Each structure stands twice: as C-alpha cells, then as structure tokens.
Amino acid sequence: MQAILSSWFVQGMIKATSDMWLKGWDERNGGNVSLRLTAEDVTPYESDFSPQPRHEALSQPMPELADCWFIVTGSGKFFRNVQLDPADSLVVLQVDSDGKGYRIFWGLTNGGLPTSELASHFQSHIVRMGVTHGRDRVIMHCHATNLIALSYVLELNTATFTRELWEGSTECLVVFPDGVGIVPWMVPGTDSIGDATSEQMKRHSLVLWPFHGIFGTGPTLDEAFGLIDTAEKSAEVMVKVRSMGGKKQTISTEELIALGKRFGVTPLEAALRV
C-alpha cells in the first residue's frame, strides 16, 4: 500500500490550492475545490483510511452521486496552509449508496467538515457528468479579482459579459466558446445557489457569482485552473482598458467567427450578436 499524501490527487490539490492563493484568488478561507475520484484512484491508499469513517448527512439527497469518491477542500481552511498541512485541509469522502450522506475516510485531522459549498459542487458535478459523459471531474470556485470587478460595471447577462471577455484576449473564444453563465447575487452556502449554478453549468463551463467569484469546471485540476486563469487574465485586460479611457478598437464579430472556424469551436451565438 502507498501513502496517500504522495498520491496524484492529494499532490494535485496541494498544487492547485497553492497556485490559486498565489494568484490572489483565495484570501483567508475563500474558495473551494472538489475532484471526483474513481475507486481505482483510492484503493491503493486504503491503509491510510480511518477504520471508523465519520458519517455526515447531505442537505438534500443526491442519488446520482451514489458511491462516488471525492477529494474536497475543508470548510474554513486557508488555501495558503494546504501545502503545510494537507491532512487537515483536505478530505477524501465517499457518498452513500443511497446518496443521502457521505463518509469521511481521510483528512480533516483536527475536525471540521468539507467546504460549505459542498451542495453547489455536488449539484454541478451531477450536471457536468451528464453534459460531458463523465469527462469533467473538477469543480473549482475562487474569488478572481478582476472578474468580480467587472461584475460591478458590466450588464449582468451572459451575452454581454462573454463578449467583453472574448474581446479582451484572442484565446478566450477558443478556451470557452460556450461563454460565461451568470446567476443573480445569492447567499452563498445554500442549496438555492447550488441549484442556480448547476442550471448554468448545463450550458457553460464558467459561471459567475456577481460581486463574489467564479465557478469553473474541467476534466482535470489543470484544465479547470487554466479555464479560470484565462478568463481572469482577460478580465484584467478589460479593467485596464476601462481605466485608460475605453476601447479605441477591438476584435470584430467577423474576426470572432473566423477564429471559431480556425479552431473548430462553435461560439455562443448570443455573444456574437452583441
């Protein structure tokens, strides 16, 4: 048997959370990450599992995730400290066979629970499992500074926000041709915001929480991080453009269409019409 601290998924979570903190996206205990695992992923590390795994109930049944394994950041844990004490900052859990609760097999050595946004993560995992036929395994939430800033000055609709980011950096249309979904401002840590986010996840791999942060998804931690990083870089460009007096020229609709054709992606039609 191998030590779970050396596993690819624990090491991956350490790197992702450290990178997110270094980017300035996750102050204090802000942000949360979940990675869906397979039984094959976790089996080599069973010797590190708790002999009496703690059981917790879910706020609502999620039978679609029955028996699924996850590694998740802990509630109240600081991303800057994950690398110092991953066994306290992270948690490996398995959803019950009836989807009504979960058991904690490893992590949270000083007590606590998984992220307070667990419902939002699980609801989005369910949607993305269906949309991508199981390919997407990561849900990532952070407080990306410039995306939050733009939520104060742009119209809060998908077409407008997406178009602004597409124009901010040429690669954006290629990386997220499906655009950015947007939910209204809502109280975090609730089933309601999870419902609204997962509804947007049916059509978008990025979902903005105005005045709060961003949700991203992908098949790997690197892909989800890179998706958010790309959108945030474009948002930073557009914040600077606005501070310099606004656009004098930009990427045209015809050029965006040509870009999509070159890279074999289908741009969100509503954003092309803005």
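Here the Cβ of each residue, glycine as well, is placed from N, Cα and C on the backbone.
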Per Swiss-Prot: Zn(2+) is bound by HIS141, HIS143, and from HIS55, HIS212 the site also lists HIS212
Counting only residues outside HIS141, HIS143, HIS212 in the same chain, those with C-beta within 8 angstroms of the Zn(2+) site's C-beta centroid are GLY30, GLY31, CYS142, ALA144, ILE148, PRO188, TRP209, GLY213, ILE214, PHE215
All chains considered, the count of other Cβ atoms within 10 Å of the Cβ of HIS141 (Zn(2+) binding site) is 30
Cα of GLU117 (active site) to Cα of HIS143 (Zn(2+) binding site), in Å and rounded, measures 14
Long-range Cβ list for HIS212 (Zn(2+) binding site), cut-off under 8 Å, min separation 6+ in sequence, same chain only, gives HIS143, ILE148, TRP185, PRO188
